[in-house]
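The domain 'PDEase' annotation in TrEMBL covers 296-619. The AMP binding site feature in TrEMBL is assigned to H372, N373, W374, R375, H376, D413, D523, Q576. Per TrEMBL, active site, proton donor is recorded for H372. Per TrEMBL, the feature Zn(2+) 1 binding site maps to H376, H412, D413, D523. The Zn(2+) 2 binding site annotation in TrEMBL covers D413.
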Amino acid sequence: MPICNYDGDVIGVAQIINKTNDSQEFTKNDVEVFQRYLTFCGIGLQNAQLFEVSVLEYKRNQILLNLARSIFEEQNNLECLVTKIMKQAQDLLNCERCAVYLMDLDLGEASHLERILERPGRIIERHGPLNRIESGSITAEDMRECGLKKPCNFTTTFELRDGGNNTLVSRPSSFDLKTSTLAQIASYAASTGQILNIGDVGAWLNMQHSEGDAESARTILCMPIINGQKRLIGVAQLINKNNGAAFTECDVSLFEAFAIFCGLGIHNTQMYENACKLMAKQKVALECLSYHATASNTDTERLSKVQIPSAELFNLYSFTFIDFELSDEDTCKATIRMFLECNLVQQFHIPYDVLCRWVLSVKKNYRPVKYHNWRHALNVTQTMFAMFKTGKMERFMNDLEILGLLVACLCHDLDHRGTNNAFQTKTESPLAILYTTSTMEHHHFDQCVMILNTDSNNIFQALSPYDYKKVMKLVETAILSTDLAMYFKKRNKFLELIENGEFDWQSDDKKELLSGMMMTACDVSAIAKPWEVQHRVAKLVADEFFDQGDLEKMQLKEQPIAMMDRERKDELPQMQVGFIDVICLPLYKVLSDTFPWVKPLYQGTLENRKNWQDLAEKVEMGLTWIDHDTIDKPVEAFADAEETKEIELTVQTFNPISSNQGNQHVESKIRRNKTKFCCVL
């Protein structure tokens, strides 16, 4: 009679034989009693089966939980981790031997940096779901042919022998892999990505295997190991069940779950080991960089012994400061003079030789790009100094904040590469991977910290821990605020405070907002310089932008925006007008209305806007502005064609190439035969 479970499905059969009361057959009553009895038997059997399964699952879950715990506890050493994994696999599936073959995943020292900086869009080959192959579906010859076509080079082999008491770690050569039967089987599982279950190794190999590493193997289960990124990183191999039977379907399912934890653990440990090596390499590289990025003792000693001219001689108090005539040594002297003039050296006990070395080191860490170089940093710092002294903004700041803002100005573009944040993002540069927002500004601050942390360069060394933390936070915030994206986020809030009649700037959040606006005002202050200076600086900015545009065309195969497109250089005067209207004038207007002493910045910008607008109008009449320096007297239109036969005129131009030559006069003769025209040089 069938035994049925709760659902009426047959789960077994009960059979009774021979009545013992000499009856020749079972009666209807016997059948009815037996049927009722088997109903309870079915319930009991199913409950017992469910209980057995639950106990087994509990044990398996505990083993997998212990494995997961081991993975996160043991990340310092790959060998220890793999040994733990193999020992638990051996205990879990009751097998004699266990081995793990690891592949080369480009995780070595030489290529690990490339992988870290790998472009996010790059397609990585990922493994699909594993399929199970029994030994009957393929032959040993298939395995050997696959090994010849797609050889799999394992870099490391771990073997657990002697009942789990001995771990053998080897770095097999290609010859070792070719001559090892077990390695060939593992290689097949790796190259095909298939689970391979061999129930009778001797019969499957179809050859004498009394010698070699497969001599004692009776049953083998090979499982590919896949990491969290679904990339195949190796093969786990179990050999010989303790009971002599083949590996069951249940064993395969359990080992498959087990292999997932193996993949995560092995990959994490490999990454951790390589990260430790990279950190050590980074430390060595930073030491080398710090040495080469620091000013020499000779230069420091020479600068510390020379006399520093007065601020008046350098014209540091004026918003019309010009650095064109200054030598490189003079720029360093001017920088030191600003710190002396603010009494910061005495106030914060800065050793004079440390200040000199720091200034020279900062200068050394600016690249020779066309605009965002040391000269730009000097001009931004001088404008901040002029805002403090001439603009009387120092009354809103304490000495520590003045020190922090001057340092931030001098360091705000350290190691600038002549390309903006958008370029770093589009090219997926290492900097863009490190910093997802305000990319270059974060890098400038990091360079600033690197210089300060270098021996004999820390001008903050005498500060208390509280003041040091405060000034470093101020420097970071100030440098990040030079990102125009940050400026636009904060400008409306600043304008709202001004419109509400704010006059108290002593709270930390309001002072931070004011400092950010001052940093932007100083960063773009070239727009307020005298026209000859502004025109020359604008050409430097344009040249740097054009260089980036050329890179975008070559590297990205993209058409750059107008301001960076060399072919649209004639549109730059109108773009300058737009830049002034959108960024500069609104900022300088609100600053000059609130703090009247900084009004020269607003007035200078207004004057330059007129000049750029005039130049933009002349461009519409045919002038290629970038090819000339300045225009003093455009040629007016002539109504009479008779008067246009021959015109001789003299145009005074400003020569930006040599600061020593001054103005030059260029004689140009123009001959035209038209009724009306306007000629501009």
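Positions of Cβ are set from backbone N, Cα and C atoms, glycine also.
Features per TrEMBL, on structure.
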residue : record                : Cβ contacts under 8 Å, 6 or more apart
H372    : AMP binding site      : Y366, D413, H416, G418, E544
N373    : AMP binding site      : Y366, R367, D413, H416
W374    : AMP binding site      : D328, T331, V362, K363, Y366
R375    : AMP binding site      : D323, T331
H376    : AMP binding site      : D413, A526
H412    : Zn(2+) 1 binding site : A377, V380, E441, H444, A478, I479, T482, M519, D523
Q576    : AMP binding site      : A538, W612, A616
| said: On a simple 10 Å Cβ count over all chains shown, which one of the binding-site residues D413, D523 is most densely packed? | reply: D413
| task | Specify all same-chain residues, apart from the site residues H376, H412, D413, D523, whose Cβ lies within 8 angstroms of the center of the Cβ atoms of the Zn(2+) 1 site, ordered by sequence. | result | H372, A377, V380, C409, H416, T482
| remark: Taking every residue in the domain 'PDEase' (296-619), the average pLDDT works out to 93
| said: Over all pairs within H372, N373, W374, R375, H376, D413, D523, Q576, the annotated AMP binders, what is the largest Cα to Cα distance, rounded to whole Å? | reply: 23
